[in-house]
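J.: Let me begin by handing over the structure; questions about it come next.
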């Protein structure tokens, strides 16, 4: 017969399991998965970024995106852009990075996106015509959050929407047993055509989650109380799969010190401030406000900064037909940096060559473009691929970003 002590301990254990949405305290790493099925389309990336942040898209940019000589990627004006868990480039030029996630009983490949706060997936609720080439969540009616819905919409009326479920989500070594899963009932053409990506896992702040009538917690916020440390770190790489580290900092992945700064989370993003920028060996003092966003491919910043950069690139020009700054692919590109927390965060020049704009590989599209229409700077994968970036959100202190030079650079 069990003792009162052992029975009490057992009941306490059961109560803890019921009360907690995750199974155990943990620290883990998730590796990305690469795809090499299409060439990058620089103008289309700009279109997707503008739409992601709810900004109007100039017709000239749409025209440039449509006329891009891409292999395996057709862009139309109606399209919508957008652990250590491994992150894999979704094309041969590192256009995006995907990571395996088990949602319910299905493993899908999701875009880990620090610029949004929704965990949404393709699902069995969609028409079969939208599911071709995708892995998708098998919706379980018993786990439906009745009365809840979600919708991501863009200026042209396109987007994605659906129902909300409370289900198991496994990322790397941790399981959230009651995570809000936004199951799509309908998605627009660009999402359904992109068979590389089965949805998004948002890692911005839960305040901008789109679920109605009540925003839901991100995966990070759900598992954070159970992590060894209340943080995740991003280690994207140049022409290679990167990782997401949850609950710990991997000292083997960076060199030098980590520079920490407080985050401006007033808009729900991982916002930072810089005091200067550098082009080659020249540093210019200038206040820059921006966000770090793994769901955006390029860097978008103030026009004066972009002009100053390409002024140092032989043959560079603003090409409206291509939708941005281009240069001879053979050009030597200077390093670029922003000063954050008193430390210059350097992006190697070779990272700023985004992709060719023609089949001959003569002219290339720049990885740094103007932020016209965005109202802020966005430091996407072009910036992040040379960094180890710590995202810390302790319950008793302001959120912080930590930046260090990646050991893989």
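From the backbone N, Cα and C atoms, a Cβ is placed for every residue, glycine too.
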J.: Hey, which of 335, 353 does Swiss-Prot call N-linked glycosylation site?
T.: 335
J.: Which ones, of the recorded positions 113, 329, 335, 364, have a Cα no more than 10 Å from the Cα of residue 293 (active site)?
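T.: So the list reads 113.
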J.: Any idea what the Cα distance is from residue 113 (active site) over to residue 335 (N-linked glycosylation site), rounded to a whole Å?
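T.: Answer for this pair: 26 Å between alpha carbons.
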J.: So, three-state DSSP: helix, strand or coil for residue 364 (disulfide bond)?
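T.: Going by the DSSP assignment, residue 364 (disulfide bond) falls within a strand, counted as strand.
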J.: Pop the Cα-Cα gap between residue 335 (N-linked glycosylation site) and residue 329 (disulfide bond) into the table, whole Å please.
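T.: Counting only the Cα atoms, the answer is 16 Å.
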J.: Take the domain 'Peptidase A1' (97-404) and average the pLDDT across it for me.
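T.: Averaged over the domain 'Peptidase A1' (97-404), the predicted model reaches a pLDDT of 95.
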J.: Rounded to the nearest angstrom, how far is the Cα of residue 335 (N-linked glycosylation site) from the Cα of residue 364 (disulfide bond)?
T.: 17
J.: Out of 113, 293, which of the active-site residues has the smallest number of neighbouring Cβ atoms within 10 Å?
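T.: Comparing Cβ neighbour counts within 10 Å for the active-site residues 113, 293 gives 113.
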